[in-house]
Amino acid sequence: MSTRSAPPAFRASRRAATLAIVGALAGVSLLSGCKPSEPSFTNLDITGNTQFGRDFSLPDTDGRIRTLADYRGKVVVLLFGYTHCPDVCPTTLAELAQALNQLGPDVAKRVQVLFVSVDPKRDTNPVLAQYVSAFDPSFRALRPANEAQLKQVSRDFRITYEQVAGSNADNYSMNHTAASIVFDPSGKPRLFARDGQGTAPWVHDLPLLLKQDA
């Protein structure tokens with residue numbers, strides 16, 4: 001898969017969109033943050049934040065409709081991207097795979113990574129399935145059935161995306177929010193994680209979420 005760098009303007013636009021969301025959420029988190037006695041997360045704590053959706057209903061690569069209830073009992077990492085992504089998407093998926101490997105099988109089996117395509121036109125089910133499993137066999141992909149469904153799930157989880165024209169109709173990029181939403185085992189949104197931070201935040205936060213649920 002490609003690891004070529006995206007154009008500077010493209011990276012800056014995506015970074016600005018993500019930072020704007022982080023800034024807005026940080027203000028809310030200061031008002032509804034954890035109690036001082038609770039361990040703190042490395043990623044942005046959005047516990048109690050009502051700006052995020054509480055569920056989704058999307059087809060997986062086998063055509064089966066999936067919701068958060070299907071993954072009850074696991075920490076769910078929901079990230080949005082596309083298979084032609086030149087940098088952030090493959091980097092984040094690789095970091096998640098590496099973090100789960102470091103944490104070991106007892107933790108990894110209680111974490112589900114879900115990759116939602118913002119480019120269902122090119123990201124067919126076979127392409128998506130092969131793409132995510134190349135990083136880790138446990139990773140799964142969800143493919144919105146149409147543009148309306150993609151718009152709805154993106155709106156629910158505060159994800160922005162736009163198509164950036166390329167040299168022809170099929171050679172284009174997708175500018176999208178580079179972040180993941182993390183749900184605890186009971187299905188509540190708990191963390192907003194900027195993509196491309198390395199493995200350390202995941203290694204710290206995932207066991208902490210599982211411990212709090214124990």
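Just so it is clear, glycine is given a Cβ too, placed from its N, Cα and C backbone atoms.
As given in TrEMBL:
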- 47-214: domain 'Thioredoxin' (DOMAIN)
- CYS85, CYS89, HIS176: Cu cation binding site (BINDING)
- CYS85-CYS89: disulfide bond (DISULFID)
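Mapped onto this structure are the features recorded in TrEMBL.
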residue: CYS85; record: Cu cation binding site; Cβ within 10 Å: 23
residue: CYS89; record: Cu cation binding site; Cβ within 10 Å: 26
residue: HIS176; record: Cu cation binding site; Cβ within 10 Å: 26
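In this structure, CYS85 (Cu cation binding site) belongs to neither helix nor strand by DSSP; it is coil. Summed and averaged per residue, pLDDT over the domain 'Thioredoxin' (47-214) gives 96. A Cβ within 8 Å of the Cβ centre of CYS85, CYS89, HIS176, the residues given for Cu cation, is found for these other residues of the same chain: PHE80, GLY81, TYR82, VAL88, VAL118, MET174, ALA178.
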